[in-house]
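According to TrEMBL, the domain 'Major facilitator superfamily (MFS) profile' annotation covers 25-495. Residues annotated as transmembrane segment in TrEMBL: 112-133, 139-158, 170-196, 202-221, 233-252, 304-327, 339-359, 379-396, 403-425, 437-460, 472-490.
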Amino acid sequence: MAIENTKSSVESRNHPRLVPSKRFTLALLVFFAFIVQYSQRVNLPIAIVCMTETPACGHNHSSTPLKTGLKNETLNFILNSSMTGKQSCTSEKKGGLFDEKRFHWTELNQQLLLGAYWAGYIFTQVPGGWLATSVGAKWVYAGSLGTSSLATLAMTIMHKMSSTHVTIAFMLRFITGLAHGVLFPATIALWSLWAVPHERSTLASIGFCGTHLGTSITMLFGGLSCRYLSAGWMYVFIASSILGFIWLALWIRLTADSPNSHQSISDHERDYIGSFTGHTGTKRTMSLASIPWKNIINSKPLNALMITHIANLFGLFFFLTSLGKLLTQLLHIKAENTGYILSFGFFLTLLSSLLSGIACDRFVRSKKVTLTNARKISNGLTSFIPVICMMLLYFCDERRYELGVFTILIFLASSGLGYGSGYVVNFADIVPAYSGVIFGIANTLASLAGLIGNLVAGAVIKKPVLEQWRKLYVMFGIVYLIGGVVYIVYGSAVPRKWAKFQAVNNDAKLEENTKVEEAPPTTEKT
């Protein structure tokens, strides 16, 4: 009852403005952090085009677009559109501070180097959530991007090396992947402390927009550097690492793990956030034994969320790595036009993520819809629209290329809804005290599912013909449908009683019967 009364007293006063506020500043810095992360994630897939020798130069070492992991093929298609379409060997005079240098890497070397990032990334999802809960998300963020910025800058030493660059590059990319793996779980844990339910979508969507902008900026900068500067790849690594160091200085100075530990936050804003999240500012350590695994396994809303999370990323990861091939091989779109199409598609993803988050919170605050129903609408759209897209693509080849292009753009736009107001944000709604760890588990499974999707596609598609792609459209359509239906039936935005901060801060409450769930006042009706 004390918490209920606190909420009432806070609600009776004017809500602290979102702009400007410390939580909005935090959202902008998270946005900046994701720009840094994605610029460092995609810098090698872009730079490798001008790091390796080409067959045209008289070497048997490929530097053509590579299919090596999440988004790499798509990024290389976009890179090609920003370049001349031809890679000259030595005839084109370039400027810059560095002498031209290319590496004699075999196709296997390139595959290993680009795969090194994901080899590290997949292992730190769960540790990232645990560290964000036990140590604090501020220093998890700082350690993550501080480490990756150093590793990225260290990639430039290859310019002075002659023989051991493959081993060094693999180790540095593996370290970068390890460092970046903690960010998404840490972000979910961060918003469980900083974002009240009816602002969570807005704040989260602002931050996640940095993923798409970071990709776009790096693609543009990398393409121009490789085209006009000698050893253009050096500038890509230097710029993305310097960007990380600038962010790190701002992050350490302006942020805190929670509102209670922030040195300059107003009492009004701190009390406002705490009254809804229930977090008291008490640091807590979390062991594997202290996590209520039985409750997690038996929670239907949480299981539904994990299923829709895995189902969506199973399809999304595959298509992000295969859209370039789909456009060129099936729809017969020229490679130079493919880049513009996909760039516009990524912009639609960014736009839908941001706008859906703002719209969701506005409707919840005006009490036109409950938070649970808002999440179900967003998840329904981000799951069922791709089902329709799969049905349309089933009939699309070069004779219906206009419909195919339009369908791909709609697919990319609908994918942003899950990040702005759907399944990605929902973890902080229903399991706030354990959101980082549980999201880490779900994201690990989803990442594995995405890799499996690529393996299945490789086994199914032997020739670039529509008949073989139709099998994939049917498979992914079914998976999207299952994920959407399960969430519509069992999904929720009501926090589980055993996963509230009030419960975990009181050891006596950890063993309570959790059959009856408590809805947050002002957002849900029971």
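Placed from the backbone N, Cα and C atoms, the Cβ positions cover glycine too.
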> Any contact between the transmembrane segment (379-396) and the transmembrane segment (202-221), i.e. 3 or more CB pairs below 8 Å with pairs at least 6 residues apart?
Replying inline: no
> Can we call the transmembrane segment (202-221) and the transmembrane segment (304-327) in contact, meaning three or more C-beta pairs below 8 angstroms at a sequence separation of 6+?
Replying inline: no
> Under 8 Å, at least 3 Cβ pairs, sequence separation 6 or more: does that hold for the transmembrane segment (112-133) versus the transmembrane segment (437-460)?
Replying inline: yes
> For the transmembrane segment (472-490) and the transmembrane segment (304-327), does the number of C-beta pairs under 8 Å, pairs 6 or more apart in sequence, reach 3 or more?
Replying inline: yes
>> Would you say the transmembrane segment (437-460) and the transmembrane segment (170-196) are in contact under the rule of three or more C-beta pairs closer than 8 Å, pairs 6 or more apart in sequence?
In response: yes
> Which of 139-158, 339-359, 403-425, 437-460 has the most Cβ pairs closer than 8 Å to the transmembrane segment (304-327)?
Replying inline: 437-460
